[in-house]
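**Q** Below is one structure. I have some questions about it.
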Amino acid sequence: MAVAARAAAVACLLVVGLAAVAGVDGATASSPAPAPAVDCTAEALKLADCLDYVTPGKTAPSRPSKLCCGEVKGALKDSAAVGCLCAAFTSKTLPLPINITRALHLPAACGADASAFSKCLAPAPSPSVAPGTSSGSGGAAAAPAKGAAAARSPMASTTAVLVVAAAVAAPLLAFFHF
């Protein structure tokens, strides 16, 4: 029972620390972003029960738990929450090992809409070529991005990645170090 209490304490400390960092980063962003329709921190933490399923390794279960599936189905009801989770799952800066294929297929594994995270798999534009700098046929502008991710600042994506990292790290730290 003491291990569970320590795990909860570690998770709470990580969430509070990340919330403080996210608040400071959001306040110092150079361009104002509209208020998010959903709290990405809360959405990422709701999927903590999916950790054992998305963690790489031979000990990962073949199916996500019922708790995990309930959380996934709840998140899928809000397109902004799906946008937050897509940004977190597909981030190249995620510091912890996560089986991205399993993470993106959580809805299908839980019996929900298999295409829910399909937009996550769309290739991102190449960062080496800025929009409008193509030497193509006379200045065709790039089409603006659609959906919740278009309105989000880069800081929001970074915050989402940090939150998912904390949600993954807290149970692992509690399990292996306490």
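The backbone N, Cα and C atoms fix where each Cβ goes, and this holds for glycine too.
Okay, these came from Swiss-Prot:
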DISULFID  Cys50-Cys68  disulfide bond
DISULFID  Cys69-Cys110  disulfide bond
CARBOHYD  Asn99  N-linked glycosylation site
LIPID     Ala149  GPI-anchor amidated alanine
SIGNAL    1-26  signal peptide
**Q** Would you mind pulling the DSSP three-state label for the residue listed as 'N-linked glycosylation site'?
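**A** In three-state terms, the residue listed as 'N-linked glycosylation site' counts as coil.
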**Q** Fewest other Cβ atoms within 10 Å: which of the disulfide-bonded residues Cys50, Cys68, Cys69 wins that one? Let me know.
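**A** Comparing Cβ neighbour counts within 10 Å for the disulfide-bonded residues Cys50, Cys68, Cys69 gives Cys69.
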**Q** Relative to the Cα of Cys110 (disulfide bond), which of the recorded positions Cys50, Cys68, Asn99 has the closest Cα?
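**A** So, of the listed recorded positions, the one sitting closest to Cys110 (disulfide bond) is Cys68.
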**Q** Do me a favour and check the Cα-Cα span between Asn99 (N-linked glycosylation site) and Cys50 (disulfide bond); whole Å is fine.
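**A** On Cα coordinates alone, these residues lie 11 Å apart.
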**Q** Please name the residue among the recorded positions Asn99, Cys110 whose C-beta has the most neighbouring C-beta atoms within 10 angstroms.
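**A** The residue with the most neighbouring Cβ atoms within 10 Å is Cys110.
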